[in-house]
Structures are given as C-alpha cells and as structure tokens.
Amino acid sequence: MYLHSLMFLTGNRQMMNEGKSNSILVSGESGAGKTETTKLLMRYLAFLGGRSKTGGRTVEQQVLESNPVLEAFGNAKTVRNNNSSRFGKFVEIQFDQSGKISGAAIRTYLLERSRVCQINSPERNYHCFYFLCSAPSEDIKRYKLGDPSSFHYLNQSSCIKVDGMSDAEEYLATRSAMNTVGITEQEQEATFRVVAAVLHLGNLNFVKGRDADSSVLKDEKAKFHLNAAAELLMYA
Ligand SMILES: Nc1ncnc2c1ncn2[C@@H]1O[C@H](COP(=O)(O)OP(=O)(O)OP(=O)(O)O)[C@@H](O)[C@H]1O
C-alpha cells in the first residue's frame with residue numbers, strides 16, 4: 001500500500017497545483033486485492049477531501065458506503081475469492097477548488113449475469129440472495145422466502161454459507177449503506193422485491209401439457225412460486 005499512497009499523494013498535489021484530473025487504474029487477477037485496494041484509496045481520498053462533520057451524511061460517507069451496496073449486488077464467493085467482484089467499475093470523485101470532495105459518480109460494467117441462473121460448486125450466487133434469505137422474519141414473510149437451500153438458484157452449489165460472513169448482519173449493513181447513499185425506502189423495497197422474485201422464478205418447474213407444444217406448471221409448489229413472483233413484481 002505504501003507505493004499506492006505515494007502515487008496518490010503525488011497525484012493529489014498535481015491535481016491541486018495544475019488543476020488537472022488524475023486517474024488510477026487498479027488491475028490484477030482475481031483475488032489480487034483490487035477491491036480492497038480501491039476501498040483503501042477511496043478512504044484515503046475521503047480523508048484528504050473530507051469536510052468537518054456537520055451532522056447528516058456527508059458526500060465522502062456516501063462515496064465510501066457505495067462499496068457495500070455494490071458488493072451486495074455484484075460480488076459473490078468464487079473458488080479464488082470469497083468476495084469476488086463480478087463486474088468492473090469506474091469511480092469518479094469530483095473535488096472543488098479547495099480540494100474538498102464535491103460529488104462522485106460510479107459506472108459499472110459487464111456484470112456476470114449468467115451467475116444468477118447457474119453456479120458451480122463450491123461457489124455462491126450474488127451475496128444479496130443469501131443476505132435477503134437471512135433478513136429479519138417480517139421481511140422474510142413479506143418476500144415469501146425461506147431457507148436459501150430451498151431455492152434452485154442457490155442450491156445448485158454445496159456452498160450456502162461463507163466462513164466469517166454473517167448474511168443476517170450483512171443484510172442490515174446493506175440496508176444501512178443504501179440509506180446512507182440516498183436510496184429511498186421505496187426504492188430499497190422495490191429492489192429487494194425483484195431479488196426475491198428472481199429466487200421464486202428459479203423454482204418454477206414445468207411439465208408437458210395436454211395440447212401439442214404446451215406446458216403446465218409441474219405442481220402446487222411451482223404454483224406457489226409463480227404467484228409469489230407475480231405478486232412481488234406487481235408492486236416492485
Ligand atoms: N490490503 C489488504 N489487506 C488485507 N487483506 C487483503 C488486502 N487486499 C486483499 N486482501 C485479501 O484478499 C482477498 C481478495 O481481495 P480483493 O477482493 O480485493 O481481490 P480482487 O482483486 O478485487 O479480486 P476479484 O477480481 O475477484 O474481485 C480479500 O478478501 C482479502 O482477504
């Protein structure tokens with residue numbers, strides 16, 4: 001990290017002296033430490049460009065709390081990394097004339113979408129699915145969820161739990177981070193409804209119907225999941 005800090009100090013001074021934008025490219029193979037390094041860089045930047053706290057949430061808090069939100073929906077356990085980012089991101093942090101953070105924008109790229117429907121043992125699907133299945137009981141009831149191992153999109157792999165990670169605590173931390181970055185309660189509700197609906201849709205099974213080329217739901221369980229998904233998506 002010493003080298004990165006040094007590079008960053010130089011970059012920051014140049015930005016202030018010459019009024020030029022600076023960029024850092026963090027690259028490396030999976031598990032090399034890109035995500036953790038980026039978080040340290042962002043924390044350092046927030047420290048340099050932070051304002052004294054005046055109550056409420058500050059821009060730099062919002063910048064830092066974007067990480068747990070992105071990780072909940074875009075990171076998963078792989079064989080190489082328990083918290084592997086399955087997308088790329090471009091983080092832009094804007095500074096005002098005095099060097100204080102004035103805003104930020106994050107663009108994400110190339111999320112590994114196929115992971116939602118298919119995972120290999122002993123990897124996991126995206127963290128958000130397990131977090132939501134470990135939510136407080138009133139949320140579980142509202143989203144009609146149950147044990148993660150009862151969902152096809154999660155039980156294709158033998159790995160449901162990650163050592164050292166509490167899905168229940170992470171759910172609450174994700175909600176808190178979403179609040180900090182300014183995602184409203186309604187938007188959060190809509191987001192988690194879609195996450196829950198995806199799990200229900202994964203449990204739909206069909207069998208051949210009576211008419212040619214037709215199919216019908218396999219059983220009552222499949223009907224339950226279809227109704228649950230429809231209800232959740234109707235209000236999402
Ligand atoms: N600076 C660090 N301090 C302590 N542990 C670290 C540090 N950097 C990386 N690690 C360890 O290595 C693991 C993998 O790091 P990280 O998630 O940052 O890799 P990555 O390059 O972003 O991988 P991927 O491309 O899979 O997302 C972390 O979960 C952590 O255990």
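Cβ coordinates come from backbone N, Cα and C, glycine included.
Residues annotated as ATP binding site in TrEMBL: Gly28, Glu29, Ser30, Gly31, Ala32, Gly33, Lys34, Thr35. The domain 'Myosin motor' feature in TrEMBL is assigned to 1-236.
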Task: Any further residue of that chain within 8 Å (Cβ to the Cβ centroid of Gly28, Glu29, Ser30, Gly31, Ala32, Gly33, Lys34, Thr35) of the recorded ATP site - done: Asn81
Task: Other CB atoms, at most 10 A from the CB of Gly31 (ATP binding site) - done: 14
Task: Assigned conformation of Thr35 (ATP binding site) - DSSP reduced to three states - done: helix
Open item on the list: I want to check the contact list for Thr35 (ATP binding site): same chain, sequence separation of six or more, C-beta distance under 8 angstroms. What comes out?
Closed with: Glu71, Asn75, Asn83, Ser85
Open item on the list: Over the span of the domain 'Myosin motor' (1-236), how high is the average pLDDT in this prediction?
Closed with: 92
Open item on the list: Which secondary structure state does DSSP assign to Ser30 (ATP binding site), in the simple three-class scheme?
Closed with: coil
Open item on the list: Quiz question: given the binding-site residues Gly28, Gly33, which has the greatest number of C-beta atoms lying within 10 angstroms of its own C-beta?
Closed with: Gly33
